[in-house]
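A short write-up of the structure that comes next.
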Ligand SMILES: [Zn+2]
């Protein structure tokens, strides 16, 4: 018995050593990534000198750059990165215009990121001021006669993200439960109304549209909204999760193409786009979250299928960014890796990172805002910075 136990002990120690080796990204690759990050950061800073000084958004403007430096600070703990984040966020806070309310494209982004940066630097009063202004935006979000959509880029889900983000980064109850509940209710009511209007209450109890189109993907569509509503921090009532959100997710699942990819909108039948904004790389995050919330294997199965589509078609000629570029698609593998611990997904994430290491050499189209977080270089740097600690990766302005 003793010998068997001893053998078993050795067997398991060897296994765990092997396991550790499998799950580590090689030191040589890590070094390569670190060097490339430094190189790209320099190029980005140079390029930003000609960027639009008035674009303060997270999506294409200065808040996105501040968010990148916050991420670099998180990974490296270098104080200079936090200082940089402060410089950029201060610039954005002077430019708020009160027209849009979301984290990605509106005032909520600069205010939420400002609150977090000031909090990290112990500037309590400045952080508080940002939070107060962030909460003041709720009036237009909650107003039933506002024309506000519900999607992530311009709508209520994009405001909800900002609230959940500060609660995660600063502490639970930084934004009170009551405020979050009101925003959640506004999103749910809006979805129920459209579903009833379109006579889809049975099949898809929560239906949303943007510019008269029922989009499916993460940026403008159903997947992004359901994903936000399933966040633990949103504290959506279990009955609403089970009776409204779950059947709506299943409705989207039935729109899946034979390839495993998803349409950009409910009425679109061409299997073309494999982006975070439209297609499997965005929908996968909804499926993974549904798997966690409802503990049903079918969601995992569909998520794995998304992973295959992204592996086959996810290296994009559109560029290296995170909205519709290779870096954004790489996040799908990082999420699958976190969920399953399968080294295959870490390998794939690294392969997509490798593609980003050769930035600019694949003849990709140059985006309109080539240095920005969602379209350009800052997004690729953000993705590359995740390779240091893939188990902690987090798609900016989307995952929590
Ligand atoms: Zn996009």
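Using the three backbone atoms N, Cα and C, a Cβ is placed for every residue, glycine included.
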Query = Of 130, 204, 277, 394, which does TrEMBL put in the Zn(2+) site with 323, 324?
reply = 277
Task = Enumerate the residues of the same chain, 277, 323, 324 excluded, that satisfy the criterion Cβ within 8 A of the mean position of the Cβ atoms of the recorded Zn(2+) site; list them in sequence order.
result = 219, 275, 276, 278, 318, 321, 322, 325, 328, 374, 375
Inquiry  = Test of understanding: give the count of other CB atoms lying within 10 angstroms of the CB of residue 324 (Zn(2+) binding site).
reply    = 24
Ask   = Once the chains shown are all counted, how many other Cβ atoms turn up within 10 Å of the Cβ of residue 323 (Zn(2+) binding site)?
value = 28
